[in-house]
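Accompanying notes for the structure given below.
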Amino acid sequence: MAKAKFERTKPHVNIGTIGHIDHGKTTLTAAITKVLHDAYPDLNEASAFDQIDKAPEERQRGITISIAHVEYQTETRHYAHVDCPGHADYIKNMITGAAQMDGAILVVAATDGPMPQTKEHVLLARQVGVPYIVVALNKADMVDDEEILELVELEVRELLSEYEFPGDDLPVVKVSALKALEGDKEWGQSVLDLMKAVDENIPQPERDVDKPFLMPIEDVFTITGRGTVVTGRIERGVLKVNETVDIVGIKTEKTTTTVTGIEMFRKLLDEGQAGENVGLLLRGIKREDVERGQVIIKPGSVTPHTEFEAQAYILSKDEGGRHTPFFNNYRPQFYFRTTDVTGVVTLPEGTEMVMPGDNTEMTVELIQPVAMEEGLKFAIREGGRTVGAGQVTKINK
């Protein structure tokens with residue numbers, strides 16, 4: 001067997017399995033780990049179905065989600081793969097972004113074709129910005145008629161096109177996860193073919209450090225004789241000393257300034273980058289000019305907005321959420337990055353109310369502007385208690 005060498009430098013990609021219940025998402029996840037373990041034993045451990053299916057519960061912003069994380073490598077890449085046992089877990093994960101996906105494997109049983117949850121997952125993938133999809137047409141061993149397989153493939157492609165994925169062009173690979181898991185050579189090869197399609201069709205994600213600089217402000221203080229310092233964790237990009245930045249959000253006007261010093265653990269740095277907790281010394285800025293909740297950005301890269309559309313998951317009573325539904329004109333706080341801003345909710349036409357445990361689309365109008373882009377995550381809070389989570393799907397103004 002060809003030996004692939006373990007390289008720390010291999011590109012890292014986050015993927016996950018999505019699709020209707022009982023179409024074989026977890027079986028496929030287990031089959032991928034087995035087949036890759038057999039092909040490259042030095043690189044991969046096989047994960048059994050039971051290990052993946054008994055996913056531990058995680059709490060993300062107070063929301064309980066069962067997510068199984070497995071990792072494996074192909075010859076060219078290192079993958080972190082998420083699989084959720086329950087349908088509700090998928091929805092929560094996709095909306096809250098507990099496990100971000102650079103691409104997804106949509107599992108559709110050839111015996112059933114696309115089903116309601118297939119649709120719901122594809123719609124969510126579109127809304128929450130899962131950028132690429134590869135299709136695994138599973139249980140293909142159970143369909144003898146080639147024409148039926150072709151029809152199901154066509155149906156899946158049409159569904160994907162309907163939600164603005166390139167349905168005509170993306171790969172659809174016929175697999176049998178169960179047969180591959182049982183050690184069948186031919187079906188094992190089908191899973192390797194699927195991973196080759198994933199390698200080739202889910203592009204390398206842009207690294208956080210390569211994106212435009214952004215840091216949410218967590219704290220502001222004055223250092224006598226030096227000026228105003230803001231602290232926070234750099235969300236993305238790189239900042240060098242003496243670069244110009246904009247401070248946006250909360251206030252109506254943006255402020256432009258120069259960063260004259262960058263500190264981490266009381267040491268002066270030439271630059272700060274994504275993931276680091278730093279203090280930034282700002283030229284000519286008074287302490288009252290800036291506040292927690294604003295963001296410091298590469299000039300012009302992000303703008304503040306007050307009205308947006310979102311997809312949100314509302315916590316159930318058991319998760320510590322509301323005990324009662326809410327209606328149009330509901331006014332909670334929306335917690336973006338480091339601060340709460342009150343907003344008014346407009347529900348979609350035909351939605352009378354939203355029950356705890358539901359997921360819903362909504363339009364929100366904030367009382368103060370927040371620096372935002374599509375895909376930005378938020379929590380919905382009432383008096384500091386989280387009652388929901390969501391993400392911005394479209395900016396209106």
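Positions of Cβ are set from backbone N, Cα and C atoms, glycine also.
For 19-26, 83-87, 138-141, the entry in Swiss-Prot reads GTP binding site. DSSP assigns Thr26 (Mg(2+) binding site) to a helix. Around the Cβ of Thr26 (Mg(2+) binding site), the same chain contributes Thr17, Phe49, Ile52, Asp53, Ala68, Asp83, Pro85, each under 8 angstroms and 6 or more positions distant in sequence.
Under the heading Mg(2+) binding site, Swiss-Prot lists Thr26.
As annotated by Swiss-Prot, domain 'tr-type G' applies to 10-206.
What Swiss-Prot records for 19-26 is region 'G1', and it gives similarity to another entry as the kind of evidence.
Across the region 'G2' (62-66), DSSP helix (H, G, I), strand (E, B) and coil residues number 0 helix, 4 strand, 1 coil. Here Swiss-Prot flags 62-66 as region 'G2'.
Note: the region 'G3' (83-86) comprises 0 helix, 1 strand, 3 coil (DSSP; helix = H, G, I, strand = E, B). Feature annotation from Swiss-Prot assigns region 'G3' to 83-86.
Helix, strand and coil residue tallies for the region 'G4' (138-141), in that order: 2 helix, 1 strand, 1 coil [DSSP]. Annotation source Swiss-Prot lists region 'G4' at 138-141.
The binding-site residues examined here are Cys84, Ala140; by Cβ neighbour count within 10 Å, the least packed of them is Ala140. Among residues of the same chain six or more beyond the region 'G1' (19-26), those with a C-beta under 8 A of the stretch's C-beta atoms are 49, 52-53, 68, 83, 85, 87, 106-109, 112, 114-118, 121, 138-139, 177-178. As a whole-number mean, the pLDDT of the region 'G3' (83-86) in this prediction is 82. When Cβ neighbours within 10 Å are tallied across all protein chains shown, the highest count among the binding-site residues Lys25, His87 belongs to Lys25. Around the Cβ of Gly19 (GTP binding site), the same chain contributes Lys25, Leu106, Val107, Val108, Gln117, Thr118, His121, each under 8 angstroms and 6 or more positions distant in sequence.
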